[in-house]
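K.L.:
Right, I'll just put the structure down here and ask away after.
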Amino acid sequence: MTFRNCVAVDLGASSGRVMLARYERECRSLTLREIHRFNNGLHSQNGYVTWNVDSLESAIRLGLNKVCEEGIRIDSIGIDTWGVDFVLLDQQGQRVGLPVAYRDSRSNGLMAQAQQQLGKRDIYQRSGIQFLPFNTLYQLRALTEQQPELIPHIAHALLMPDYFSYRLTGKMNWEYTNATTTQLVNINSDDWDESLLAWSGANKAWFGRPTHPGNVIGHWICPQGNEIPVVAVASHDTASAVIASPLNGSRAAYLSSGTWSLMGFESQTPFTNDTALAANITNEGGAEGRYRVLKNIMGLWLLQRVLQERQINDLPALIAATQALPACRFIINPNDDRFINPEAMCSEIQAACRETAQPIPESDAELAQLRGEDFSQLHIVGGGCQNTLLNQLCADACGIRVIAGPVEASTLGNIGIQLMTLDELNNVDDFRQVVSTTANLTTFTPNPDSEIAHYVAQLHSTRQTKELCA
């Protein structure tokens, strides 16, 4: 039997994990084993909301060392993280300033300023990326305006996964799928857009040309002295999750469910027309030149904050209690900027419930309208797919079949690119066949008589009436 041992480092906004994958070539079987899991979270430092990158690096090294201590030969390593955030380095590779998190308020108001000065349509047609107030474009503008004293010391700007790969290998890389989340990459050239960089105040010399997934960045030398390749995987965690989504057919959509939830479909071409702009659709880079056409949804962030504030540890019990309650009594818009990082999430939700205006949730409809074809099934992947209540609500609200799983989608997609780089698999579609036969998948059938299905139908009926009367 021929085996490959690949290690995936998967960092999320609330936790990180080092996972060992064992791939058996002859039977095309893939098994995962968790080596090390650790917490991640926001910290307050010198008036900024930051990440503790030193702690994360220590946890990564601890996990890698554990694998080596077991005497396992590692064939490759890959790292994926969340998007938009970055670390600045000087000429000697030492950090400049703080690793500020996207939930910090430093970039507030700068998105509107960019739209006014550059033109909203022009920014969108250049980047194809949705407008979010914490995109790297605005974070860099905040940095260069508010901390100009740092600029003479900056030689490099590395996005989070590239920074940790650099710490392991000493080699710098700017991976394409994650680079596109910055709103700084030109959608036509796949290189940094000079006009957008100029507005941000950043120097183009801080960045190298983005590279597509599948190249070896460098090597990590393990304690035993072996040189292990570190692969540039699809380093944006959602890009990795989409690779592991067992999409079947052109009418399949995906929902990567975690702290953030991202709903969309794959396309060979981007969508940057006025309809896409009006719906704030994003065209993030994917593997093999594909685009991840999607919408950002606030996801489980609100739930995570409520659990923390109320000190609730038994999530299954809470879900069971919630399932017994009537649906749609209180509706809020979780994508409202007020929920990005409020001081007290519970109080903010209560305040929103007191307001009367209710938004119409229609991410699936906007995506379907963009394609000109309805979806027939929705693949929910990531940690959030373990929430059976949420899965059923999605099926009922969208009116289509939901297939939940795999849970560790980002990890699996990370491993998939490594196996392709090692010439064990041909392409993404080949890897998805492996996922389909090895992952635990659960199907949820929509219930048209559910309360939420009736509520969504009523909302759409109300909207159509308003459009007729306008």
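Glycine residues also receive a Cβ, built from the backbone N, Cα and C atoms like all the rest.
What you see is a predicted model, and the numbers here were worked out from it, not measured in a lab.
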K.L.:
Since Swiss-Prot lists Ala13, Ser14, Ser15, Gly16, Arg17, Thr259, Gly383 for ATP, which candidate among Gln224, Gln304, Gln418 does it give for that site as well?
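P.N.:
Candidate in the recorded ATP site: Gln304.
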K.L.:
His236, Asp237, Thr238, Asn296 bind substrate according to Swiss-Prot; which of Gly83, Gly93, Gly97 goes with them?
P.N.:
Gly83
K.L.:
Taking Cys68 as one end of a disulfide recorded in Swiss-Prot, give the other end from among Cys6, Cys27, Cys222.
P.N.:
Cys222
K.L.:
Based on Cα coordinates, which of the following recorded positions are within 10 Å of Ala13 (ATP binding site): Cys222, Thr238, Cys398?
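P.N.:
Near Ala13 (ATP binding site) by Cα: none of them.
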K.L.:
Could you give the maximum C-alpha to C-alpha distance in Å for the residues Ala13, Ser14, Ser15, Gly16, Arg17, Thr259, Gln304, Gly383 that bind ATP per the record?
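P.N.:
Taking every pair among Ala13, Ser14, Ser15, Gly16, Arg17, Thr259, Gln304, Gly383, the longest Cα gap is 18 Å.
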K.L.:
Per 10 Å Cβ neighbour count, which of the disulfide-bonded residues Cys222, Cys394 ranks highest?
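P.N.:
Highest number of other Cβ atoms within 10 Å: Cys394.
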K.L.:
Around the substrate site formed by Gly83, His236, Asp237, Thr238, Asn296, list the extra residues of the same chain whose Cβ is within 8 Å of the site's Cβ centroid.
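P.N.:
Here the nearby residues are Trp82, Asn178, Thr181, Ala239, Ser256, Trp260, Leu262, Glu284.
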K.L.:
Just to be sure I understand the packing, how many Cβ atoms besides its own are within 10 Å of the Cβ of Thr259 (ATP binding site)?
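P.N.:
Around Thr259 (ATP binding site), other Cβ atoms within 10 Å: 22.
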K.L.:
Tell me, how many other CB atoms lie within 10 A of the CB of His236 (substrate binding site), whichever protein chain they belong to?
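P.N.:
For His236 (substrate binding site), the 10 Å Cβ neighbour count is 32.
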K.L.:
Around Ser15 (ATP binding site), how many other C-beta atoms are within 10 angstroms of its C-beta?
P.N.:
15
